[in-house]
Every structure is written in structure tokens, then in C-alpha cells.
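All remarks here apply to the structure that follows.
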Amino acid sequence: MHRRQKPSAPEHKRDLAAHGGALPMSHNDTRSFFNFSQLVLSAGHLKAPPVLKHSKITYFEVEILDMQSKKQICIVDKVPPSSTLLDVKHKFHKACPQWYPSRVGLQLERNGPYLKDSINIQSLAVSSIITLYFTDLGQQVGWTTFFLTEYTGPLLIYLLFYIRLSTIYDQVESTKNFRHPVVHLACFCHCLHYIRHLLETLFVHKFSGGHTPLKNMIKGCAFYWGFTSWIAYYINHPRYTPPAFGHRQVSFAALAFLMCEAGNHFINVTLAHQNHSGSKACFPSPTYNPFTWLFLLVSCPNYTYEVGSWISFTVMTQTLPVGIFAFLMVIQMSLWAQKKHKLYLKRFYPEVRRKAAMIPIIF
């Protein structure tokens, strides 16, 4: 008898396949088939979709205390991190309608400086609760209103004295006395100065929308209006005497006055154009205009020209009130120039370090 040999595994598989039989699969073959089927089923989305995570926005609570009594006035809740201090002031105004945003002064510390409206509230946060101290800044006015009121007064007041109202001067003396040409020239120069200021306030200067206390406007108006009345009374008085050196002194002083007025205007236009265009990365540079070349010597040439105008007006009219006013303007402008010069040194040290603030060598 011939012993039947057991077919080999490959031959057995081929026979089963030829007769349509199912091949028994081993454990490894089953696992491979399972992995392959999973790959086919997931072919449409090979990459699993990301799990959406709901980000939690952290809101802040702003506790507002009275600076004097340290008593709590209110709590402004649900303040987003992207909010500014101005947004907090608007919400504070809704809670306390008697204090509108421009009247609210907020401080991080009791004796600290007032915080700017543009500051981000997240930069002040140490925890979820931010404590700020409130100060009532009083009634506020816009900067445009401030300057228009301050400069309109001197313009109108001087003209009232120039026409020599009977309630101001003796009517008989006003009709008899001859007016020296310098009186008419002084009126023209004085009006030109304040008309320039008014036009620049409306069309040149770019105000950021800030406010100033009403009491500051009252102080400024009292200063400018009061000195204008004193100056105009002397220059337009029927007994006014012309300058000692006559026509030559008046002519040179008037020419210097007009040059300073032109220089002041061109400097203001240059500064306004630089700020408006957003180019704040460098110190204002002189242009092709010769009046702007003063930037090479001083950091605040607009104050230099302003002082030059009043010194020229003093020489032209040769009156004591104008001299006192010019002296006070020199002091005030030098203080403003020094303060501005320090800010320039912090921001543009290499370009400003060899410049004077207002007048070369002196200031």
C-alpha cells in the first residue's frame, strides 16, 4: 500500500482556492485584515478632527474707591482683558451718571499719577480684582474749546480799545489827537498773531480728544484777556508816544515780528504733518523751508518764534505792559520747552542731545 502523503500548506491553500473554499486564517492574518479594513474605512479622514476646546475668557472686576475716604463707590464687573481705561470710565458713568468720563480721574495708587484713557486694563491687573482710586476732576472742556476761547478774547478786546470807545477814553482827546502809524501797525500785528492761533487751532493742530479742567481755561483767559486789556489801553491811548528811534525802530521790529510769525506757523505745520502721518520714530527734521532750519539748533523752535514775536512787539511799541507780558512769556515758554526737551531726550537721545531746548546756549 502506498501511504497517502499529506499535502503541504501552500498546495492545500491552492486547492481550496480552486474549489471555492474558504481559507482558514491564522491569528496574524486576522489582525492584518482588521488593520487593513480600518485603514480603508478611515481613508476619507486620515487625520482625526481636532478636539474643539472652549477657551475661557478671564474677566476682571474693577473696584473703584474714593481717594479721600477710601470708601467703595462701585464695582465694575465683567471687564474683558482687551478693555481700556476709557471703557471702564464709560461703565462707571452708567453706574454713577453724575460723573461723566472726562470728569473721572483714576489712579492706581492714592498719590500716583492719573492713568491715561488709552491704557489697557490687563496691564494693571495683578489678580482678577483691580483696585483704582477715584478723583473728581471737576467740569471739563475740550482742548479746541479751550484755545478758541483763550485766543478769541484778546482779538476782540484789542479791537474795542482800538476804536477808542467813549466809555474807555475821553471823547474830546480821542478826536483831537493824531494817531501815530505805529498804533495802526500794532493793531494789525496783534490781530494777525491771534488770528493765526485761531486758524491753526481749527485746521493745523491735531488734538487727541482730551479734556482739561474748566478752571484752567478760566486762568488762561484771565491771563491773556487781562494783559491784552492793559496792553491795548496803553498803545491806543490818545497820549501814546511813539518809540524813541522812530520809523527805523518800528520797521525793523515789525519785520522781525512778521518773520517770527511765519516761522511759528511753518514749525506748527511741520509738527502737525509729522504727527498726522504717524512718523514718530525720529525727531522732527527740518525741511526745505528755511524757517524750519531752527530744528538744527533747538528742540522746540515754535516756542522760540513765539518769544521772538513778543520781544519784537515790545520793541515796536516800546510800552511797559508789553515788556512785562513778553518777560512772563519767556519764563513760561522756557518751562514748557524744558519739559518737552526732557521727553525728547528720552525718546530721541542721539538726535537731541546736542540741541538746546528753546534758545541756543541760554536755554
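Just so you know, glycine gets a Cβ as well, placed from its N, Cα and C.
Lifted from TrEMBL, the feature list:
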DOMAIN    60-136  domain 'TECR-like N-terminal'
TRANSMEM  141-161  transmembrane segment
DOMAIN    212-363  domain '3-oxo-5-alpha-steroid 4-dehydrogenase C-terminal'
TRANSMEM  216-235  transmembrane segment
TRANSMEM  319-337  transmembrane segment
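Long-range contacts of the transmembrane segment (216-235) within the same chain, counting only residues at least 6 positions beyond its ends with a Cβ under 8 Å from a Cβ of the stretch, are 141, 145-146, 149-151, 153-154, 157-158, 160-162, 168, 183, 186-187, 190, 317, 319-322, 324-325. Summarising model confidence by region, the domain '3-oxo-5-alpha-steroid 4-dehydrogenase C-terminal' (212-363) averages a pLDDT of 90. Per DSSP, the domain 'TECR-like N-terminal' (60-136) is made up of 18 helix, 30 strand, 29 coil.
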